Amino acid sequence: MKVGVLSFQGGVIEHLNQIRALGHTGVEVKKEKDLDDIDAIILPGGESTTIGKLLKITGLIKSLKEKIESGLPTWGTCAGMILLANEVEGQEEKYLQLMDIKVKRNAFGTQIDSFKTHKVIEKISKDEMELVFIRAPYITEVKDNVRILCKVDDKIVAARQDNIIVTSFHPELTNDVTFLNYFLKSKWMK
């Protein structure tokens with residue numbers, strides 16, 4: 001399987017390393033032609049406004065949105081969640097707007113408030129997973145067509161809608177590939 005990782009900033013190398021560790025091909029996506037022949041894409045963490053601006057400057061935003069709308073399996077982590085959200089609290093700038101969620105940026109606090117926790121996400125695995133939150137957003141509202149996958153402190157931190165999964169946390173910053181494996185083995189995959 002060929003998995004693209006949007007490669008403007010964030011945990012690009014970490015995502016690529018985990019993809020390759022599972023025996024798949026990981027490719028960097030920086031321009032429109034990089035979207036050709038990928039089976040799935042990951043939108044990593046980073047600074048969402050910077051990534052959003054780069055998507056617009058490069059012209060990648062339109063073709064990426066079309067690919068995702070046509071069913072490309074997509075996983076957004078942290079900033080990726082913000083890019084995919086239909087609405088971001090206190091932010092007028094819109095990006096992909098492909099998931100029926102409302103998100104609060106930096107909702108858990110600043111860089112100094114970043115934290116790790118452990119949790120069993122029953123819809124993903126019976127085993128406890130380490131969840132790493134770095135200036136993380138969380139979801140404040142979901143429409144009925146969105147399936148909540150995980151909450152931490154009563155805050156929605158993982159969800160799924162059709163071919164899109166989002167997480168507030170960064171599984172790529174751990175040695176645990178459980179969440180990536182779940183994404184790649186989901187029923188939408190070829």
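Cβ atoms here come from the backbone N, Cα and C positions, even for glycine.
According to Swiss-Prot, the protein carries these features:
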- Cys78: active site, nucleophile (ACT_SITE)
- His170: active site, charge relay system (ACT_SITE)
- Glu172: active site, charge relay system (ACT_SITE)
- Gly46, Glu47, Ser48, Arg105, Ile134, Arg135: L-glutamine binding site (BINDING)
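What Swiss-Prot annotates, mapped onto the structure for a quick look.
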residue: Gly46; record: L-glutamine binding site; Cβ neighbours (10 Å): 22
residue: Glu47; record: L-glutamine binding site; Cβ neighbours (10 Å): 15
residue: Ser48; record: L-glutamine binding site; Cβ neighbours (10 Å): 26
residue: Cys78; record: active site, nucleophile; Cβ neighbours (10 Å): 29
residue: Arg105; record: L-glutamine binding site; Cβ neighbours (10 Å): 19
residue: Ile134; record: L-glutamine binding site; Cβ neighbours (10 Å): 19
residue: Arg135; record: L-glutamine binding site; Cβ neighbours (10 Å): 18
residue: His170; record: active site, charge relay system; Cβ neighbours (10 Å): 24
residue: Glu172; record: active site, charge relay system; Cβ neighbours (10 Å): 27
Assigned element (helix, strand, coil) containing Gly46 (L-glutamine binding site), judged by DSSP:
coil
Sequence order is fine: just name those active-site residues in Cys78, His170, Glu172 with a Cα within 10 angstroms of Arg135 (L-glutamine binding site).
Cys78
C-alpha of His170 (active site, charge relay system) to C-alpha of Cys78 (active site, nucleophile): distance in Å?
7
Under DSSP, is Glu172 (active site, charge relay system) part of a helix or a strand, or is it coil?
helix
Would you mind pulling the DSSP three-state label for Arg135 (L-glutamine binding site)?
coil
From the centroid of the CB atoms of Gly46, Glu47, Ser48, Arg105, Ile134, Arg135, the recorded L-glutamine site, which same-chain residues not already listed sit within 8 A by their CB, in sequence order?
Gly45, Cys78, Ala79, Ile82, Asn106, Ala136, Pro137
Please report how many Å separate the Cα atom of Glu47 (L-glutamine binding site) from that of Cys78 (active site, nucleophile), as a whole number.
9
